[in-house]
Amino acid sequence: MNGTEGPFFYVPMVNTTGIVRSPYDYPQYYLVSPAAYAALGAYMFLLILLGFPINFLTLYVTIEHKKLRTPLNYILLNLAVADLFMVFGGFTTTMYTSMHGYFVLGRLGCNMEGFFATLGGEIGLWSLVVLAVERWLVVCKPISNFRFGENHAIMGLAFTWVMACSCAVPPLVGWSRYIPEGMQCSCGVDYYTRAEGFNNESFVIYMFACHFIIPMCVVFFCYGRLLCAVKEAAAAQQESETTQRAEKEVTRMVVIMGIAFLICWCPYASVAWYIFTHQGSEFGPVFMTLPAFFAKTSSVYNPLIYILMNKQFRHCMITTLCCGKNPFEEEEGASTASKTEASSVSSSSVSPA
């Protein structure tokens, strides 16, 4: 084995010289330089600095403007809540531990950080699935006369929380476990060991199948069908400039959604799966740290993609920030007026909200 396994930890370094210590008790500067830990701390501070205001603003603007309190926006708010879970439950803890060079908060702190980070990430992921399914049902109309109402939104919210808890809770109760990973200053699911009594193998397979592959397939199926529907509507009305504009806007949105999803989760999932299938092989501490920390950026670009691309929300946000006046109101109004009125696909049913 090219690492050192101990009670509730796995350090990716063989303890041939006797320098490896528990990441709960001692700084891990023998893995990488102190400057690397300082850089991680600064990175987490930047994510907090960006992630908290934009997600809090999302909640505040929606509460302040009654016209934003629509069923679909409940799911978007759920996405912001998930990101705030990650910011407060995960990012602040990771910044603090990075500044110390080890997981100074101990085993309990590791469980809490791993739980909140996983919960927030999973709520966000399944919220995107619900959004994708809603867009597919409304735009492609596999069920005639379907309207996404408040009851559907509540069921969608409940679904995201149930699925998130079904992934984040088991490691707390003995099906797998949370341990420090990478540079040992953040915690995640144990992909590294076959710890007796924790059934890590079955949980990791369950997690990848039910909480990565399935949601990814659903998202790309739904938005693939959405794109086809928009193209069909545009082809049926070749001379409609507004329909062509709708096609372009939706195409851009779909491409951004797909790329963001892959960029956020595929590196982390791929590295985690590699480590799981090559347990005992040699890999450095940075190997898992980089994709794990990069995946955390979803708390920043999730609201940018799924909320700030909403023209109505952007108008309300500017109004809130400018004390009740929108200096770009004329431009926003012209943009809103240009929304497509195509019978098959309207921009109100194609836009993110």
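Using the three backbone atoms N, Cα and C, a Cβ is placed for every residue, glycine included.
Out of Cys185, Cys187, Cys210, Cys217, the record in Swiss-Prot bonds Cys110 through a disulfide to Cys187. Swiss-Prot assigns Arg107 and Phe276 to topological domains bearing the same name, which places both on one side of the membrane. A coil conformation is recorded for Asn15 (N-linked glycosylation site) in the three-state DSSP classification, outside any helix or strand. Most buried of the glycosylation sites Asn2, Asn15, Asn200, judged by other Cβ atoms within 10 Å, is Asn200. Of the listed recorded positions, namely Cys110, Cys187, Cys322, Cys323, the sparsest Cβ surroundings within 10 Å are found at Cys323. Using a 10 Å Cα-Cα cut-off around Asn15 (N-linked glycosylation site), the recorded positions Asn2, Cys187, Cys322 reduce to Asn2.
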